[in-house]
Amino acid sequence: MSEVTNTTKGPFYFILTGIPGFEDSHIWISIPFCCLYTISILGNTTILNVIRTEPSLHQPMYLFLSMLALTDLGLTLTTLPTVMQLLWFNIRKISFESCFAQFFFLHGFSFMESSVLLAMSFDRYVAICRPLHYATILTSEVIGKIGLAIICRCVLAVLPSLFLLKRLPFCRSHLLSHSYCLHQDMIRLVCGDIRFNSWYGFALVLLIIVMDPLLIVLSYSLILISILGTATWTERLRALNNCLSHILAVLVLYVPMVGLSMTHRFAKHASPLVHVIMANMYLLAPPVMNPIIYSVKTKQIRQGMFRLLFQRKVH
């Protein structure tokens with residue numbers, strides 16, 4: 001394969017990779033992927049419709065849940081085109097501009113997922129530890145500002161890494177190891193000085209991937225101290241049950257994220273299949289599992305889904 005750079009006169013492109021070692025079975029592998037994408041799209045759009053149509057759910061907790069569903073939907077739709085066209089039609093080429101666009105949205109929505117879960121942990125803290133002030137602290141205006149801050153935070157976090165990477169020459173093999181464009185995958189193909197990119201990436205990890213979980217743990221520590229100090233056992237169990245859906249959503253995001261990081265750090269020479277499986281788990285687990293978790297564990301969402309389904313059958 002000839003070497004190319006992003007400064008050549010011809011069109012520059014990257015080549016995506018499917019499931020290593022199972023290229024002949026891509027059409028069969030597409031079936032579970034198609035099912036997972038369908039579950040994610042239907043589940044998250046249903047939650048958004050339920051929250052939109054049920055006036056009783058226009059509360060801070062459910063407004064944050066709608067933010068999470070929108071983020072999951074964005075993450076799903078970002079990877080779906082390249083993954084499914086590769087598995088169905090073996091279309092592996094992706095243009096330079098398209099790859100960077102996918103890079104921006106993929107990492108942006110991924111960071112947004114973490115930020116929304118952090119905001120939801122603050123919501124649970126206020127609801128349990130400051131119940132009398134809940135309505136005055138988390139007003140619609142405050143929630144709108146939190147949503148805007150989350151968007152600005154993620155855009156400002158991803159844009160510099162995008163421009164820092166785009167200015168560098170790509171003069172090595174343009175073969176990516178996934179069926180979508182990841183920063184850590186693309187930067188391997190650069191032949192210039194990437195020290196500043198690496199330091200910026202390290203700062204992002206500290207700012208979002210490390211700080212967000214620590215703040216979530218802090219909020220739950222304060223919640224635990226509060227309910228153990230003042231509540232009866234029945235109230236304690238009720239408070240913990242109210243947090244269970246959010247705790248599961250946090251685990252669904254961060255367990256695959258830590259697993260992927262550990263794989264990149266300590267299993268560099270492992271089979272490419274291991275890296276592909278871990279990356280797909282990280283990107284698909286939250287959008288698929290979050291609607292299931294909240295529909296099963298949240299009575300109001302479950303009842304809203306039944307009402308929505310019943311109304312459609314009547315009409």
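Positions of Cβ are set from backbone N, Cα and C atoms, glycine also.
Here's what TrEMBL has on this protein:
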type     : residues : note
DOMAIN   : 43-294   : domain 'G-protein coupled receptors family 1 profile'
TRANSMEM : 27-51    : transmembrane segment
TRANSMEM : 63-88    : transmembrane segment
TRANSMEM : 100-122  : transmembrane segment
TRANSMEM : 142-165  : transmembrane segment
TRANSMEM : 199-227  : transmembrane segment
TRANSMEM : 239-261  : transmembrane segment
TRANSMEM : 273-296  : transmembrane segment
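Mean predicted confidence for the domain 'G-protein coupled receptors family 1 profile' (43-294): the pLDDT average there is 91. Most Cβ pairs under 8 A with the transmembrane segment (199-227) among the ranges 63-88, 100-122, 239-261, 273-296 are made by 100-122. Using a cut-off of 8 Å between Cβ atoms, the transmembrane segment (239-261) and the transmembrane segment (100-122) share at least three residue pairs, counting only pairs 6 or more apart in sequence. Residues of the same chain lying 6 or more positions beyond the ends of the transmembrane segment (100-122) and with a Cβ under 8 Å from any Cβ of it are 61, 64-65, 67-68, 71-72, 74-75, 78-79, 82, 94, 146, 150-151, 153-155, 157-159, 161-162, 165-166, 180-183, 186, 208-209, 212-213, 215-216, 219-220, 246, 249-250, 253, 283, 286.
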